[in-house]
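Taken from Swiss-Prot as is:
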type	residues	note
BINDING	Asp37, Asp39, Ser41, Thr43, Glu48	Ca(2+) 1 binding site
BINDING	Asp146, Asp148, Asp150, Glu152, Glu157	Ca(2+) 2 binding site
DOMAIN	24-59	domain 'EF-hand 1'
DOMAIN	60-95	domain 'EF-hand 2'
DOMAIN	133-168	domain 'EF-hand 4'
MOD_RES	Thr134	phosphothreonine
Amino acid sequence: MASSQRITLDQWKKKAAKVELNDTQKQEIKEAFDLFDIDGSGTIDLKELKIAMRALGFEPKKEEVKQLIAEIDKEGTGTICFEDFFAIMSVKMSEKDEKEEILKAFKLFDDDATGSISLNNIKRVAKELGENLTEDELQEMLDEADRDGDGEINEEEFLKMMKKTSLY
């Protein structure tokens, strides 16, 4: 995810240009911004950035907000314009949607609702899909994603594995 590495404002804007948001999402970003742009200047106070992000359903960590501010506020004005806010929130919303889709897939595997995917879960899905894989091949798939070595794939491990693929 973008929050774990340094990313420049230009990189945010390039990523945002590739994002397709629906009209409702665009409106939500605009409304969150306008809520804090009380004087209509087209900018919001950087202290309000965290609150505006929360209004859009994000729980940004203090460190993430500091990092965003360092990248956005190069001139030290203490404000962020709508264009920059929109670019950042567009990327954040697309990442959130992506995560939700991956977690839906996780739940399809985790049909016994244990919070993790076992070898038996993978066997069932492979059978349902008509995949003729040996137990060794299925075990290899599980081992590839099982980072903590507990013999099962939890949500975090599944998210990491899926983000490495070109599917998401």
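From the backbone N, Cα and C atoms, a Cβ is placed for every residue, glycine too.
Keep in mind that what you see is a predicted model, and the values were worked out from it rather than measured.
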Treating G and I as helix alongside H, and B as strand alongside E, what does DSSP give for the domain 'EF-hand 4' (133-168) in helix, strand and coil?
21 helix, 2 strand, 13 coil
Those residues of the chain, 6+ apart, with a Cβ under 8 Å from that of Ser41 (Ca(2+) 1 binding site):
none
Roughly how many angstrom lie between the C-alpha atoms of Asp39 (Ca(2+) 1 binding site) and Asp150 (Ca(2+) 2 binding site)?
55
Winner by Cβ contact number (other Cβ atoms within 10 Å) across the binding-site residues Asp148, Glu157:
Glu157
Averaging the per-residue pLDDT over the domain 'EF-hand 4' (133-168), what integer do you get?
88
Determine the minimum-neighbour residue: among Asp37, Glu48, Asp150, listed as binding-site residues, which Cβ has the fewest other Cβ atoms within 10 angstroms?
Asp150
Other residues near the Ca(2+) 2 site, CB within 8 A of the CB centroid of Asp146, Asp148, Asp150, Glu152, Glu157?
Ser116, Ala145, Arg147, Gly149, Gly151, Ile153, Asn154
Could you check which of the recorded positions (Asp37, Thr43, Thr134) sits closest to Glu157 (Ca(2+) 2 binding site), going Cα to Cα?
Thr134
Same-chain Cβ contacts of the domain 'EF-hand 4' (133-168) under 8 Å, 6 or more residues past its ends?
98-99, 101-103, 105-106, 109, 114-119, 122-123, 126
Would you mind reading off the Cα separation of Glu48 (Ca(2+) 1 binding site) from Asp148 (Ca(2+) 2 binding site), to the nearest angstrom?
38
Does DSSP put Glu48 (Ca(2+) 1 binding site) in a helix, in a strand, or in coil?
helix
Spatial separation of Asp146 (Ca(2+) 2 binding site) from Asp37 (Ca(2+) 1 binding site) - C-alpha basis, Å:
46
I need the neighbours of the Ca(2+) 1 site defined by Asp37, Asp39, Ser41, Thr43, Glu48. Which other residues of that chain put their C-beta within 8 angstroms of the C-beta centroid, in sequence order?
Phe36, Ile38, Gly40, Gly42, Ile44, Asp45, Thr79
Hey, does DSSP put Asp37 (Ca(2+) 1 binding site) in a helix, a strand, or just coil?
coil
